Amino acid sequence: MSLLPGLFSPAIATAEALPPFGAEGLLPLEASAMARAHPRRQAEFATGRVLARRAMQALGLAPLPIPAGADRAPQWPAGLIGSISHSPRLCGVALARAGQKVRMLGLDIEEAEPLPAELFDTVLLADERARLSALGAEDAGWMARIVFSAKECCYKAQYPVTRTLFGFEIFDIRAEPAAGTFTATWQADIGPFRAGTVWAGRLCVTAEHVVTAITL
């Protein structure tokens, strides 16, 4: 069953597959950049690029190379906006033509397992921890995993705009797994984004994965 189409509008092309694809799926520009990378990194990189080109074809575009920048972020061809995410058992891509309807995309895929309690102080804001304190330990771990994924998703969406690195403290996440939605409230002014701005995203939890997605 495909997970991604239900998280994005029809204007956004998605592709997903079990990794890995071999390096033979890379175009020459990509292959030369990955020649000295660790085999696992090569496999992740190749899987994402192969799927991204499938998404390009779904948009009616010719397959083009997607090199990585010095920050390892994908360098999308002009006129395209995309997001790539990997887990050990799934790789996914969302891709769209840049325009008024789509300015930013974020996608995150995590293994379906509770976030370890020892990571709560790192990942969660005080208000987020307070909300989770009403849950049992296992439920809190699952919700914390969703919050973690949503923060990663929103970070990926904003990064091409701000080119700013930051931690988990910038977004306050409220997730509604039963509704398949979450909100992310900015906690600071960064780039064009103001504290208090609220983003709305979608989520999906299965027996194997937690997936979060946002379109802006």
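One-based numbering along the chain as shown.
Keep in mind that glycine also has a Cβ here, set from the backbone N, Cα and C atoms.
A quick note: this is a predicted structure, and the numbers were derived from the prediction, not measured.
If you look up TrEMBL, you'll see 30-96 marked as domain '4'-phosphopantetheinyl transferase N-terminal'.
Around S85 (CoA binding site), taking its Cβ as the centre, 24 other Cβ atoms fall within 10 Å, counting all chains. Under the heading CoA binding site, TrEMBL lists R41, R49, S85, H86, D108, E152, K156.
Among the features that TrEMBL reports, domain '4'-phosphopantetheinyl transferase' is placed at 105-186.
Within the same chain, the residues at least 6 positions away from D108 (CoA binding site) whose Cβ sits under 8 Å from its Cβ are S85, S149, A150, E152, C153, K156, V211, T212, A213, listed in sequence order. Marked as Mg(2+) binding site by TrEMBL: D108, I109, E110.
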Pairwise C-alpha maximum, in angstrom, for the residues (R41, R49, S85, H86, D108, E152, K156) that bind CoA according to the record: 20
Rounded Cα separation (Å) that holds between I109 (Mg(2+) binding site) and H86 (CoA binding site): 6
Between E110 (Mg(2+) binding site) and R41 (CoA binding site): CA-CA distance (Å): 17
Any further residue of that chain within 8 Å (Cβ to the Cβ centroid of D108, I109, E110) of the recorded Mg(2+) site: S85, S87, L107, S149, E152, C153, H209, V210, V211, T212
For R49 (CoA binding site), nearby residues of its own chain (Cβ under 8 Å, 6 or more apart in sequence): G25, L26, L27, E30, P65, I66
Inter-residue C-alpha distance, H86 (CoA binding site) and E110 (Mg(2+) binding site) (nearest angstrom): 8
